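Taken from TrEMBL, the feature transmembrane segment covers 6-23, 30-49, 61-82, 89-108, 114-135, 147-166, 178-201, 257-278, 284-305, 312-329. The domain 'EamA' feature in TrEMBL is assigned to 257-327.
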Amino acid sequence: MLTAVFALTGALVYGAADFLGGLASKRVSAILVTAVGALSGLVVLVAAYPVLGGEWRAEDVMWGVVSGVTGAVAISLLYASLAIGPMSILSPLTALVSAIVPLAWGLLVSAERLAAIGYWALGIALVAVVLVGFVPERGAVRPSLRGILMAIGSGIAIGAFYITIAQTSDASGVVPLLLNRLVNAAIMFAVIGVLALVALVRHRRPGAVMGEWMPRSAAPSVVGVDPTDPPASPITRTAGPARTLARPAPSDLAAGIRLAIACGVVDVVANVLLLLGIRAGDLSVAAVLGAMYPAGTILLAAIVLKERIAPVQWAGLVLALTAAGMLALA
């Protein structure tokens with residue numbers, strides 16, 4: 001019961017973080033959003049550590065560091081795949097793979113066992129993951145092999161994050177998450193530093209890294225709208241091809257940083273909820289429900305941005321709630 005509650009709530013909060021991250025990546029580069037979000041999340045965890053606590057065991061420290069590496073790989077591949085597109089296919093593909101990997105690990109390696117209703121619920125949940133993350137788009141094109149491989153790689157890395165964080169002991173508290181954020185932030189800021197150095201070598205402004213590492217029109221966004229198009233129905237569309245590499249205006253930079261900070265804070269809350277869900281029960285259940293994070297994104301887009309939720313996504317939401325209820329009874 002607690003696993004289903006924590007995991008599904010965590011998924012909705014993850015969706016909120018993605019919503020904020022998507023808005024931020026429309027103003028500054030996706031890599032800067034990721035780095036700032038990781039740093040703000042680290043600050044929150046450091047501040048909360050005296051209250052939440054946790055023991056520093058060597059094995060837990062190792063798994064925390066590994067989870068930070070897998071997280072950085074997952075984010076990088078996710079952004080790269082969504083920039084290639086089409087988002088309507090690659091986004092749910094990533095979510096589905098991210099659910100299947102820890103599900104297989106939990107059932108086959110960890111020998112987790114559920115009641116009969118639980119297995120039916122997992123099947124329904126996997127269908128819900130695809131439907132919730134599906135964004136119908138006009139004139140959709142067939143995804144390239146490169147985009148598909150990156151989406152699958154991102155899903156595997158996200159699944160690996162679930163698996164590695166599940167290896168930590170209850171006594172470790174939030175220590176693994178703290179190390180996860182530390183490693184993630186270090187990797188992302190190191191990448192920014194390398195890009196800035198390259199910019200200097202090429203006699204360009206290092207600040208261009210903030211806006212030119214990934215064209216903002218191609219940066220992944222939960223609202224999925226091309227900045228050059230009118231904001232008619234972003235929730236049912238995907239970002240268009242890159243057209244410009246303009247540096248962000250100071251106002252955009254400030255707004256993007258603020259949104260990235262908020263994204264990192266919300267994401268940490270989701271991490272904690274997921275960790276609680278995994279420790280309260282089975283990894284397979286927590287991972288599948290956690291993969292429903294697009295639900296939080298589309299609900300926020302509908303409430304805040306007044307975007308239309310596609311019928312197929314409503315069907316996914318209903319199936320997600322049904323599966324969660326069944327898993328709570330399993």
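Placed from the backbone N, Cα and C atoms, the Cβ positions cover glycine too.
Counted as Cβ pairs under 8 Å, contacts with the transmembrane segment (30-49) are highest for 257-278 among 61-82, 147-166, 257-278, 284-305. When the stretches 6-23, 147-166, 257-278 are ranked by Cβ pairs under 8 Å to the transmembrane segment (284-305), first place goes to 6-23. Same-chain residues lying 6 or more positions outside the transmembrane segment (6-23) and placing a CB less than 8 Å from one of its CB atoms are 33-34, 37, 220-224, 259-260, 262-264, 266-267, 269-274, 276-278, 280, 285-287, 289-301, 304, 320, 324. Between the transmembrane segment (312-329) and the transmembrane segment (61-82), fewer than three CB pairs separated by 6 or more residues in sequence fall under 8 Å, so the two stretches do not touch. Looking at 61-82, 89-108, 114-135, 147-166, 257-278, the range that has the most CB pairs within less than 8 A of the transmembrane segment (178-201) turns out to be 61-82. Counting residues 6+ beyond its ends, the transmembrane segment (61-82) has Cβ neighbours under 8 Å at 30-31, 34, 90-91, 94, 147-148, 150-151, 153-154, 157-158, 160-161, 164-165, 167-168, 172, 175-184, 187-188, 214, 219-220, 239 in the same chain. Across the residues of the domain 'EamA' (257-327), the predicted structure has a mean pLDDT of 88.
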